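Per TrEMBL, the feature transmembrane segment maps to 24-42, 63-87, 107-134, 155-176, 196-218, 297-322, 353-372, 392-409, 429-452.
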Amino acid sequence: MEAADYEVLSVREQLFHERVRECIISTLLFATLYLLCHIFLTRFKKPAEFTTVDDEDATVNKIALELCTFTLAVALGAVLLLPFSIISNEVLLSLPRNYYIQWLNGSLIHGLWNLVFLFSNLSLIFLMPFAYFFTESEGFAGSRKGVLGRVYETVVMLMLLTLLVLGMVWVALAIVDNNKASRESLYDFWEYYLPYLYSCISFLGVLLLLVCTPLGLARMFSVTGKLLVKPRLLEDLEEQLYCSAFEEAALTRRICNPTSCWLPLDMELLHRQVLALQTQRVLLEKRRKASAWQRNLGYPLAMLCLLVLTGLSVLIVAIHILELLIDEAAMPRGMQGASLGQVSFSKLGSFGAVIQVVLIFYLMVSSVVGFYSSPLFRSLRPRWHDTTMTQIIGNCVCLLVLSSALPVFSRTLGLTRFDLLGDFGRFNWLGNFYIVFLYNAAFAGLTTLCLVKTFTAAVRAELIRAFGLDRLPLPVSGFPRASRKTQHQ
């Protein structure tokens, strides 16, 4: 063999080893996420649904739980996708020729983006509908009972749902873009239909983030205040402990003497209320034993960090709005080749990259808090060891929609300059200036409005509580005040 043939073989062998290495790394990363999500879901699932007398229902619920675990692992991977890419770029930029990080390259990052996109499509369009129909199925009438009969019914329902969605997409495309080429492109299922359908789902996820994130940014202050110990000026733990003990004693006396009340009592509800009060009293005791440093320093620092992160987010979005009006390069766009380790995507270098990662995680946590705080989705909030299988499926779908829209959301708001890789950058609406501009303006306006409303109400309530004005006897607004003539009489 000639020297050129040996070079070709060596190049092919090197490419083969790189692909195998990327597959192993991707498998290990996904296995780690899958294990974490499995442990997380087992803490919230309802044990009664998995230990039923009917083994068939228990088997169906176990299969559905594994599908939900896969979906939640994909959602967690979508959340980590953009921060991992930003950090990888800074690591390659700082250590370009380090032997121990040669496995970290643009091909691996690009492959992870494609895998997350593929698994997100698979979970949203096939796995989660299959899991829902599988738990609700009973098998066709006249067929043999068993898991296989439920699988047949679920597959038929899934096929009918696919035809329905395909028809709806066809009608929507005919309304938006009625030409022969667009209709014929729908026949290309993998290259056009699934990316187009996922683009619609991603757009809905970005709109959901637009609503939930400002609400969550405002709610983060109250949620953090409940988790931390407030200074004595803002919180009277002794009074709360006294009230909790008084309520617990009253409920215990009512349970011990049920005949003393002429109304029928729900004993199960009373027992749950007593357990809740006991748990609350234990937490209050722990908070009362907190140190002075934790009480007087932890709470103000946490509030200050939240305020700085929220203000920085609004400031970056406001600057990005100005950049959209001046420079066309500020528009979000896709990048087919992942050229990492060449230039930093932040003007502040590694420090700016760390700030971008922190802001992305902070906005994701805020969006989840806002999602579960909204009245429309409050019923989906998972409960410890008391979440039904249907609620788990709904939570996994909603979290996957939010997390898969996070890279597009972050790039649209200008939180990072890292361009979208793979099919994430192929969304048609990303090139529309008016949509991107209005989205940034709406986010800045809604966040500012929610923060102003929350802070004014919170400061007013805390001042009233601190000065004891909440215990003053105030006149009831439903009754008219007495006239001067009546008062003189």
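Glycine is no exception: its Cβ is also placed from the backbone N, Cα and C atoms.
Note that TrEMBL annotation is computational and uncurated.
Among the stretches 24-42, 392-409, 429-452, the one making the largest number of Cβ pairs under 8 Å with the transmembrane segment (297-322) is 429-452. Counting C-beta pairs under 8 angstroms (sequence separation of 6 or more), the transmembrane segment (155-176) reaches the transmembrane segment (196-218) with 3 or more such pairs.
Within the same chain, the transmembrane segment (63-87) stays apart from the transmembrane segment (429-452): fewer than three Cβ pairs sit under 8 Å, each pair at least 6 residues apart. Here the transmembrane segment (353-372) has Cβ contacts under 8 Å with residues 79, 82-83, 86-87, 89-90, 208-209, 211-220, 223, 309, 312-313, 316, 344-346, 378, 380-381, 398-399, 402-403, 406, 409-410, 415-416 of the same chain, all six or more residues outside its ends.
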